[in-house]
Amino acid sequence: MPAKKAATKVPAAAAAPAKKVSTRKAPSPPAPSIAAPIVVDAGDHTKDRAPIGAHVSIAGGTWESAARAREISATGSQIFTKQANRWLERDIDDSESARYRTAMSETQVRWTCAHDSYLINLASPDDALRARSVESFSAELRRCHALGLDALVSHPGNFMDDRASGIARNAEGIVAALEAEVGPTRLLMELTAGQGTVLGSTFEEMADLLSRIPAALRSRVGVCLDTAHIWAAGYDLVTDYDGVFAKFGDLLGFDTLGCLHLNDSKAKLGSHLDRHELIAEGTIGEQAFRRIMTDERMAQIPKVIETPKGDTPAETDGRMLRLLRGYAAG
């Protein structure tokens, strides 16, 4: 029997270079027609006691957010008025303002707000950054006034050096912007998760910040409470719901509460990590949201979700709103 031939070694093909995985956020889907039939089941918006909605994209123009809000039967809406991670400012002219207002008039939305830029830091000890932040913050207010928005939500800044000085600088920046830009939009300072040197993670600290706003401007400033943020800051909405909101009422008062951001959390209680999750699918869970939606003290407070949208933003947001409306119905 003849000997077997040795197998010929075939050189291995050169490995293809690994593809870089993009970390860029997928672009928002095109907005539907403002007159398109509503096919997303987001629950019955006609029974909303207070406006409820989502943060919606302005891709294509601020007016396109109207169709996106309408698509999920939102009665409240939150937007950015510019790219949130860039310093580049822009003005809103009469034409854009009219187009936005006309589009919104064709929806069921009755309360609107914007969230300001992530780059603004009114508490910074760096004079140049703080001056730039005041300018940018003033521009945010100016755009909100031009669009006729009810509120502007803003995170307190990072103090970097010492907390007391940071609070004082933050208050000074707020006052400077409010005095420069007079209009209908109410400023809502958002309670934070307390990561690093960020201010505003406790009710006491937020009360301190608000107390530094002069009486003449006080009516123009309130609070936005984000459930994911206060959970991460250590406020136990699951086992101490009554205690948390009793403390909020004592230190800040429900008259200051201008908006609720309803987000579940991926983070542990007291972790100081800002990680949003779908309602009832995170570490907070269903019961706290049921209680909020039936809490008479917050029955008239606008509510906005900022939960993950996935590949189908309208369907996902619609499911979250349907869930919350179901909780409200009992």
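Cβ atoms are placed via backbone N, Cα and C, with glycine included.
TrEMBL labels come from automatic prediction, so no person has curated them.
Feature list (source: TrEMBL):
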type: REGION; residues: 1-36; note: region 'Disordered'
type: COMPBIAS; residues: 1-20; note: compositional bias 'Low complexity'
type: DOMAIN; residues: 67-322; note: domain 'Xylose isomerase-like TIM barrel'
type: BINDING; residues: HIS115, HIS155, GLU190; note: Zn(2+) 1 binding site
type: BINDING; residues: GLU190, ASP226, HIS261, GLU306; note: Zn(2+) 2 binding site
type: BINDING; residues: HIS229, ASP274, HIS276; note: Zn(2+) 3 binding site
Set of same-chain residues at least 6 away whose C-beta sits under 8 angstroms from ASP274 (Zn(2+) 3 binding site): THR192, ALA193, GLN195, ALA228, HIS229, ALA232, ALA267
Nonlocal residues around GLU190 (Zn(2+) 1 binding site), in sequence order (Cβ under 8 Å, 6 or more apart): VAL153, SER154, HIS155, PRO156, GLY200, VAL223, CYS224, LEU225, ASP226, HIS229, HIS261
Among HIS115, HIS155, HIS261, HIS276 [binding-site residues], residue with fewest other Cβ within 10 Å: HIS276
Cβ within 8 Å of the mean position of the Cβ atoms of GLU190, ASP226, HIS261, GLU306: remaining residues of the chain near Zn(2+) 2: VAL153, CYS224, LEU225, THR227, ALA228, HIS229, CYS259, LEU260, ASN263, VAL304
Rounded distance in angstrom between the Cα atoms of GLU306 (Zn(2+) 2 binding site) and HIS115 (Zn(2+) 1 binding site): 11
Residues within 8 Å of the HIS115, HIS155, GLU190 Cβ centre (excluding the Zn(2+) 1 site residues themselves): ASP116, VAL153, SER154, LEU188, MET189, THR192, CYS224, ASP226
Other C-beta atoms that fall within 10 angstroms of the C-beta of ASP226 (Zn(2+) 2 binding site): 25
Three-class DSSP secondary structure - GLU306 (Zn(2+) 2 binding site): coil
PLDDT averaged over the residues of the domain 'Xylose isomerase-like TIM barrel' (67-322): 98
Three-class DSSP secondary structure - ASP274 (Zn(2+) 3 binding site): coil
Extra residues within 8 Å (Cβ to Cβ centroid of HIS229, ASP274, HIS276), Zn(2+) 3: ALA193, ASP226, ALA228, ALA232, ASN263, SER265, ALA267, LEU273, ARG275, GLU306
